[in-house]
Amino acid sequence: MSKKIGILTSGGDAPGMNSAISFLAKSALSLGFEPYLIFDGYSGIIARKILPAKNFPYNGISSFGGTAIGSSRFPEFKKEEVQNKAVEILSEIGISSLVVVGGDGTYNGGYKLHLKGIKVIALPGTIDNDIQFTDYTIGFDTALNTIVETIDKLRDTANSHRRCFVVEVMGRHCQDLALYSAMATGSEILITNTNILTPEEVSQKVLEQFAKGKPSVIVTITENILPNLKEFAAKIEELTKISTRSLEVGHTQRGGRPSAFDRILAAKMAMKAMELINQDKSGLAISYLDGKIQTFDIAKVVSKPVRKTNDLVLEINKINQN
């Protein structure tokens, strides 16, 4: 078995990726392996942006947000000839094992390399929390805390002016960021891909909340639902005659120093990944499920649809409107 191991981050960046990189490199060295850092995701393999970890200050990056080795979306990697080229380049360098950190696109790319003989272990690194068979992904907790802090501040000013705020958060097609931020902040109205409401329906609920004496109303919405957030807020103001503002939390959700939870989660997953590589395992995804670090076949993870939590969405809406 070759002692050279590649480490890459791919797709959207997530707080805690640097913790994973650092612990992967340190764990690899402790087991007698030679870790290599691959810059800018899968495109970095093709561009030969590959550097021995010993030539990079990986020890001091755990507390920083983002990913110090860069990331990218590389749709060309879906082509078999590009995958074959990646295998050829990795083989030339002597890298026979690869740890990939990212979301479902990263998992799919890693699985393709696994089928072509590269030993691959995947770690879930995405703020969206949309990877199957794991309760939490690296970056979700930090992003959630960013959203909660933002909504808490909006609540302060909304209370002062008797306003309604419509807040759009990330999550792609997974509603976890919206759902759990609504739980944490008491957002009165929650709109997700399993609970879509019209401006008329939202306006009625907003009026009901103010009629109960509430000084403000927060509407939390998952991205990719509304064609235009500002127009949606303007329509609510038109129908209710209540001052309504909109805010897209945006890419601040991706940044910031990772929470202690994300750093520890990344470290534990990295240690497990290196344990599996030391056992010559491949094609496995690391997860945190039911309070334990576990492993699942990557093929099984990418073949399952994102879990739905509609019952909880409806329950939170009901509770927060009282």
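Each Cβ is built from the backbone N, Cα and C atoms, and glycine gets one as well.
A quick note: this is a predicted structure, and the numbers were derived from the prediction, not measured.
What Swiss-Prot records for the substrate site is Thr126, Ile127, Asp128, Arg163, Met170, Gly171, Arg172, Arg245, His251, Thr252, Gln253, Arg254, and among Glu188, Glu223, Glu275 the residue it adds there is Glu223. Just one of Gly12, Gly16, Gly32, Gly60 is listed by Swiss-Prot for the same ATP site as Arg73, Phe74, Gly103, Asp104, Gly105, Thr106, and that one is Gly12. Secondary structure at Arg254 (substrate binding site), taken from DSSP and collapsed to helix, strand or coil, is coil. According to its DSSP assignment, Asp128 (active site, proton acceptor) is coil. For the pair Asp104 (ATP binding site) and Thr126 (substrate binding site), the Cα-Cα distance reads 9 Å. Cα spacing between Ser216 (ADP binding site) and Thr252 (substrate binding site): 24 Å, rounded to the nearest whole number. Gly105 (ATP binding site) and Lys212 (ADP binding site) have their C-alpha atoms 46 Å apart, to the nearest angstrom. In the three-state DSSP classification, Arg73 (ATP binding site) falls within coil. In sequence order, Gly12, Asp13, Ala14, Pro15, Gly65, Gly66, Ile127, Gly139, Ala143, Met170 constitute the residues six or more apart from Arg254 (substrate binding site) in its chain with CB-CB distances below 8 Å.
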